[in-house]
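Taken straight from Swiss-Prot:
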- 101: active site, proton donor (ACT_SITE)
- 172: active site, proton acceptor (ACT_SITE)
- 154, 267, 415: NAD(+) binding site (BINDING)
- 243, 244, 267: divalent metal cation binding site (BINDING)
- 267: site 'Important for activity' (SITE)
């Protein structure tokens with residue numbers, strides 16, 4: 001029987017039910033439920049359906065004049081009635097996703113302490129490092145299957161937001177549910193409060209976190225270790241997603257734990273998976289293969305290098321050598337093109353640095369080889385921006401790229417919109433509508449010479465909910481590179497432009513449930529093939545995906561005792 005049709009037995013009654021967001025129905029409690037649970041008089045007389053409630057809530061949502069107020073309003077619904085919240089978001093996914101997540105969530109993080117209203121998730125502060133087990137036991141969610149955790153040091157492109165970074169795990173888990181069908185009862189946002197180096201927060205009397213410079217070194221590593229061990233003891237089968245850790249910590253944490261626990265880093269691996277999926281779709285639309293592309297990156301941090309490594313892996317899977325693939329990828333950061341003779345390159349950058357011998361025939365470049373120098377000499381067919389600095393994809397650079405590439409693939413992926421390397425409008429006008437464009441944040445369609453171009457949002461929300469659903473449905477013990485590659489290929493298979501030759505590069509958000517299920521199956525199937533879970537047939541895996549997919553419907557309630 002469908003869980004939504006099965007009654008839920010509750011051992012308590014009265015106002016406590018109305019204060020529990022996972023079970024509160026508000027005005028939708030039936031007459032029988034109002035009597036048996038002592039709710040008569042606590043809600044208005046009319047008994048409403050969830051659609052009637054959602055209609056009222058949508059009218060209220062539309063009455064707000066700015067996105068931050070809309071975000072606060074939706075968060076208030078989430079904190080009082082989660083089923084209604086997810087029905088409302090599901091009904092209006094394209095309109096509300098930019099409100100509950102990027103770009104609005106960035107502003108919500110900056111103003112987290114000022115706008116704080118009600119607790120959600122767990123804050124684990126360094127002074128409480130010896131009581132992590134107790135803190136986990138205090139969680140209102142007892143059967144946790146997915147955790148999103150941050151330390152708030154690198155929130156989107158906004159930098160150190162301290163505990164204000166909690167807005168990101170809350171938002172990400174909202175998308176796990178609204179896009180991937182993960183029951184909100186199984187999700188837990190966590191912020192690791194290890195201090196902040198943001199002077200504005202340290203001096204702000206309203207700041208609610210630990211007022212202390214960030215810890216680092218061994219202290220930080222030991223704190224992360226204690227947290228990971230405690231989570232594994234409390235919820236041994238939980239998927240942990242690392243979110244918005246600083247570059248200096250993100251990759252080391254991932255490398256330390258990816259083979260010990262079921263975990264992944266969305267900024268590195270999720271971003272890479274959706275970028276590769278989008279590139280595969282763009283290549284198919286352009287009638288070419290990824291291993292034939294020459295790719296230039298602006299931004300050589302952990303996210304950019306993570307995407308580059310995923311691209312190299314996909315190129316190798318298409319038949320070229322690892323060495324050849326790396327010659328086709330150029331990484332540019334603030335110091336110019338990464339070269340193998342540069343000092344102080346980070347370990348994950350060293351593998352992607354170009355050999356000096358590869359550029360000995362280049363001409364007309366400066367001491368620090370700029371992106372324009374790379375475009376003029378390497379003649380890339382793909383340009384990816386993950387710099388977090390607006391405006392760096394200049395008209396000169398885009399026109400130079402278009403001069404040697406009829407259909408350039410250009411992905412300015414930096415978030416939020418204020419940090420984008422170039423707007424889709426500019427890119428499409430500079431290329432006479434020929435560029436294949438995807439962005440990290442949402443943009444309105446662009447009209448060039450009377451033709452309308454829908455802008456694909458190369459957003460991780462197309463990937464991580466499906467990965468989470470696939471891990472839960474299959475029971476995978478780890479998230480392997482092959483599972484991530486499978487998610488990229490599955491996303492590309494859903495591209496309207498690649499399938500039909502028209503429409504957007506990526507599916508519409510209204511189709512996100514079907515996309516997430518398709519990705520979940522691909523991810524789960526690889527987990528089974530790699531022996532990361534118990535053997536199961538394709539049919540059983542598909543049934544498990546459907547069985548784990550939660551829908552925002554009210555359940556009937558029964559009393560367990562009087």
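Cβ coordinates come from backbone N, Cα and C, glycine included.
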For the NAD(+) site built from 154, 267, 415, further residues of that chain with CB within 8 A of the site's CB center:
155, 156, 157, 244, 303, 388
Between the Cα atoms of residue 415 (NAD(+) binding site) and the residue listed as 'active site, proton donor', find the distance and write it as a whole number of Å.
11
Given the recorded positions 154, 172, 243, 244, 267, tell me which ones have a C-alpha lying within 10 Å of the C-alpha of the residue listed as 'active site, proton donor'.
172
Cα-nearest neighbour of residue 154 (NAD(+) binding site) within the listed recorded positions, 172, 243, 244:
244
I'd like to know which of the binding-site residues 243, 244, 267 has the most other Cβ atoms within 10 Å of its Cβ.
243
Helix, strand or coil by DSSP: which one applies to the residue listed as 'active site, proton donor'?
coil
How many Å lie between the Cα of residue 172 (active site, proton acceptor) and the Cα of residue 243 (divalent metal cation binding site)?
9
For the divalent metal cation site built from 243, 244, 267, further residues of that chain with CB within 8 A of the site's CB center:
150, 154, 155, 168, 242, 245, 250, 265, 266
In Å, rounded, how far does the Cα of residue 243 (divalent metal cation binding site) sit from the Cα of residue 267 (NAD(+) binding site)?
6
